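Residues or ranges marked as signal peptide in Swiss-Prot (evidence: similarity to another entry): 1-25. Here Swiss-Prot flags 27-379 as region 'Catalytic domain', drawing on similarity to another entry. Taken from Swiss-Prot, the feature active site, nucleophile applies to CYS78, supported by similarity to another entry. Annotated 3-oxoalanine (Cys) per Swiss-Prot: CYS78, in sequence order, evidence recorded as similarity to another entry. Among the features that Swiss-Prot reports, active site is placed at HIS141.
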Amino acid sequence: MAAVAAATRWHLLLVLSAAGLGVTGAPQPPNILLLLMDDMGWGDLGVYGEPSRETPNLDRMAAEGMLFPSFYAANPLCSPSRAALLTGRLPIRTGFYTTNGHARNAYTPQEIVGGIPDPEHLLPELLKGAGYASKIVGKWHLGHRPQFHPLKHGFDEWFGSPNCHFGPYDNRARPNIPVYRDWEMVGRFYEEFPINLKTGESNLTQIYLQEALDFIKRQQATHHPFFLYWAIDATHAPVYASRAFLGTSQRGRYGDAVREIDDSVGRIVGLLRDLKIAGNTFVFFTSDNGAALVSAPKQGGSNGPFLCGKQTTFEGGMREPAIAWWPGHIPAGQVSHQLGSVMDLFTTSLSLAGLEPPSDRAIDGLDLLPAMLQGRLTERPIFYYRGNTLMAATLGQYKAHFWTWTNSWEEFRQGVDFCPGQNVSGVTTHSQEEHTKLPLIFHLGRDPGERFPLSFASTEYLDALRKITLVVQQHQESLVPGQPQLNVCNPAVMNWAPPGCEKLGKCLTPPESVPEKCSWPH
């Protein structure tokens, strides 16, 4: 590993030197664009086999860059996965989990009291050490209260929202969610930023696109490196698209949203080419978790051959589309079978900037540059957590399930189904089933749909079990969980009076403060 890292650093030094020198003669590190989608599935892109082939720009990105077919979210739900991307650490370490029930998914609704803890070092904070200017466009989702604001955690600019575009609300029992520019709100969803739930029309993706284009143009003129985290939420239900894209897809409204995203990515990449900075800009496209099959077929995407979707620790819940693009550096048209994670984007971005990850804490993200630049593969596990429960682990081609659960029988009988049409006897369960003594093990190469567990008596099973058990033991013995952030809710902390509401005349009166345990049903 040391030799690989040294070789990668040497290669990167040559790359940076070739990319351009600043006035002092020091090489300038590349710009970094992380494009994070919301609830987009592995099977939603043409390059991943989506039959309508309506993503020409993303497909071209893959043809000019590198595809990662085995790339994972850090959690099957939005907030924990986003915290992991920006810290390089599993959500169990940063406190993005709940202990209010066994194996419960949790996130950051308006009433959540917690958020990203101050001791965590976020990627934009660290990139400042290499002179990067940074902006987040879109969904933050790491806490609503003022102390969790993204500009307090390293970002220089923000246009977007602390949550998804849920609503509309009546502003009495629950306020509509604010949209911020930097420190202050500039309106609310369904008010200044309309979304027509009947037609699906909203101009939000175009607004987010323009924010990205304007930032890139401004930063290019400064000749300093920049970091853009473009975290839009268009494919999260309720799905929306602008008028020009509505009705243009063979896949309905969800496909319209995907087409608009594809067009937006094409325009961003086109601008990089026009400004002649494509060769000095690293771009990575992925999603925060699997497609929400519970919203399908009209409001949910495709997870391809994989089982179930968002909220579950089956492959469909956590395996993501992933494309790396860096012309002249990442060889074109390549497929990497490196097991990757959104946490790797933290470590890889630091490596691109010539920085080391913090040494005072466990970092779970790998540097993907050896895989991207040299085709080298690093063996590493993928851990699948639901709350503070380790549900499964993958090593190589083998995945072991220690617990299985989709969602409760009560919810299922009410029509909530995270695996519609995909029931696998003994695998997809509506009660929490423990397999810690004899895990269910699947070979994901032969059986990506997790339908045929290996025989407990087979040599293949025993060999895979031995290797995975060792890795899991090492992980659990050294694990120091963070203080849980997603246990306490309080209606008084919702977005009643965000900063800037006075200027707009949009301050609302909060209710009495009543802290209580958050209820997480699945």
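Glycine residues also receive a Cβ, built from the backbone N, Cα and C atoms like all the rest.
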Exercise for review: Give the distance between the Cα atoms of HIS141 (active site) and the residue listed as 'active site, nucleophile', rounded to the nearest whole Å.
Suggested key: 8
**Study point:** Cβ-Cβ neighbours of the residue listed as 'active site' (radius 10 Å)
**Key:** 27
Check your understanding: What is the number of other Cβ atoms found within 10 Å of the Cβ of the residue listed as 'active site, nucleophile'?
Key -> 26
Point to revise | Across the region 'Catalytic domain' (27-379), average pLDDT on the 0 to 100 scale | key: 98
